[in-house]
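**Student:** Here it is, the structure in full.
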Amino acid sequence: MVVKVQQIDACRWRIPREGDMRTDGLVFANRAMMDALKKEHALEQVRNVATLPGIVGPSLAMPDIHWGYGFPIGGVAAFDDQQGVVSPGGVGYDINCGVRLLRSDLEVQQVRPHLQKLADALFRNVPSGIGSHRRDLKLTVAQERKVLQQGARWVVKQGMGSERDLRHIEEGGCIEGADPDLLSDRALERGLDQLGTLGSGNHFLEVQMVEEIREPQLAQVLGLFPGQVTVTIHTGSRGLGYQVCDDYLRIMLRAAAKYGIKLADRQLCCAPLNSPAGRQYLAAMACAANFAFANRQLITAWVRESFEQVLGQSAEALRLSVIYDVCHNIAKYEQHVVDGVRRRLCVHRKGATRAFPPGHPDVPECYRGIGQPVLIPGDMGRYSYVLVGTEAGFGETFGSTCHGAGRVLSRHAAKKVARGRRIEEELAARGIVLRAAGRGTVAEEISEAYKDVMEVVEVVQKAGIGRIVARLRPLAVVKG
DNA sequence: ATGTCC
């Protein structure tokens, strides 16, 4: 089915309300992106989301939008806390898939001679690949329940990381209201030995250098300088989060029928926010989100140890500290002003990043003057970006921006393009060291499989919903 | 994204 789209300006497109839609769709994209989008089904998904009960404001799509389960990846949708719904498809299978950025005092020339060894250490210390698990850290169920309730704080209590780390994580590294009793035995079982593992797909661990600073004053507040070595951790809630999503999709199909919610697509299955099923999903989702926060905190500990092993200096001496940690897949209650009225909304961000403005109380105090750091990974061969949130974005997108480059080739198509090529050698020729658990994943993750993230963040900046601070270039990449 | 089909 063809979706009607009206251009608003150079980077905004409206999908006007029609049929069962309760609101407009609003897509952020340049013309080339929109031309490509018209050939796939992601815009239909933006329209479908607009049919859900209690949606407030438009059904939003960021410039990295692509087709997802029910809701598009790159989608943002806010729902009224009384009339609205919550949908597992609006969060995604990898609950609290997210990105953490670490800084250091190291300059690139200090690290380059040790890059091979550093990549080896990171690859050895952080299990990667599908089904990756830790033999050295098998939790008891009692410990796991604490992880699910406390998130990153549990890891800090075990002596790995600091209070300062926790202050530099979205929500302080813990979503309130997590109830482990709402998880299936299977979800709990899958999490027992996966804490501190990277996983597969687009997840990665990367040593990078600051390649370009666009906003020196903002960069200084973030602790970034040109030529500096940084580390990005991109992973989520692993098999546990997948299982939570899968379990609740079944529950939500029944709930949607029970509450008479008409679904444009079964994958949009959902329940009223104030129903038992809705509340239970949010409490189970919080468990998975906290598992992901703990996962990134534990991986941070192993990154610090890896640097210590290879460079012979303590992580404290290297000032290897957390700049910020963002969620890319989550639904959260937030206060927003809509048409002049302050409302409590459940904002679904699926493949989208919260980007709160300067002055917002949920932005850590040290960044309150510049806005929330927004971490946007690109692909493993090019670069990633650091942005901050804006006041205009808070008003227009519920304080949200893109989350990454967005795929242009399916995994299958990417493998076909990569066939016969030596991707590791191609990256080496560009000064990038690669360590990967599986060749298949590397083929799926080639640069050509993704949009140029520079174009994506330029749309965000032009639209005024985010402000570009710095670009990071990969030096060593660990993949699943 | 995912012990890529309990």
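Yeah, the Cβs are placed from backbone N, Cα and C, and that goes for glycine too.
Note: TrEMBL annotation is automatic and uncurated.
For A:His403, the entry in TrEMBL reads active site, GMP-histidine intermediate. The Mn(2+) 1 binding site annotation in TrEMBL covers A:Asp94, A:His203. Taken from TrEMBL, the feature GMP binding site covers A:202-206, A:328-329, A:377-380, A:Ser384, A:403-406, A:Lys479. If you look up TrEMBL, you'll see A:His234, A:His328 marked as Mn(2+) 2 binding site.
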**Student:** Quick check: of the binding-site residues listed here (A:Leu205, A:His328, A:Asn329), which one has the Cα closest to that of A:Asp94 (Mn(2+) 1 binding site)?
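**Tutor:** That would be A:Asn329, the closest of A:Leu205, A:His328, A:Asn329 to A:Asp94 (Mn(2+) 1 binding site).
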**Student:** Pull out the binding-site residues from the set A:Asn202, A:Leu205, A:His234, A:His328 whose C-alpha sits within 10 Å of the C-alpha of A:His403 (active site, GMP-histidine intermediate).
**Tutor:** A:His328
**Student:** Have a look around A:His328 (Mn(2+) 2 binding site) and count the other CB atoms within 10 A of its CB, chains all included.
**Tutor:** 27
**Student:** Of all the recorded positions here, A:His203, A:His234, A:His403, which one's CB has the most other CB atoms within 10 A?
**Tutor:** A:His403
**Student:** Measuring Cα to Cα, tell me the gap between A:His234 (Mn(2+) 2 binding site) and A:Asn202 (GMP binding site) in whole angstrom.
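**Tutor:** Roughly 8 Å, rounded to the nearest whole number.
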**Student:** Indicate whether A:His203 (Mn(2+) 1 binding site) is helix, strand or coil by DSSP.
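**Tutor:** The three-state answer is coil.
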**Student:** How big is the gap, in Å, between the Cα of A:Leu205 (GMP binding site) and that of A:His328 (Mn(2+) 2 binding site), rounded to a whole number?
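**Tutor:** Cα-Cα distance, A:Leu205 (GMP binding site) to A:His328 (Mn(2+) 2 binding site): 16 Å.
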**Student:** Of all the binding-site residues here, A:Asp94, A:Asn202, A:Asn329, A:Asp379, which one's CB has the most other CB atoms within 10 A?
**Tutor:** A:Asn329
**Student:** If I take the alpha carbons of A:His203 (Mn(2+) 1 binding site) and A:His328 (Mn(2+) 2 binding site), what is the distance between them in whole Å?
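**Tutor:** Between the Cα atoms of A:His203 (Mn(2+) 1 binding site) and A:His328 (Mn(2+) 2 binding site), the distance comes to 12 Å.
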**Student:** Just the number: how many Å between the Cα atoms of A:Asn202 (GMP binding site) and A:His328 (Mn(2+) 2 binding site)?
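**Tutor:** Taking the Cα atoms only, A:Asn202 (GMP binding site) lies 13 Å from A:His328 (Mn(2+) 2 binding site).
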**Student:** Would you mind checking how many other C-beta atoms are within 10 angstroms of the C-beta on A:Gly406 (GMP binding site)?
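**Tutor:** So the Cβ neighbour count for A:Gly406 (GMP binding site) comes to 23.
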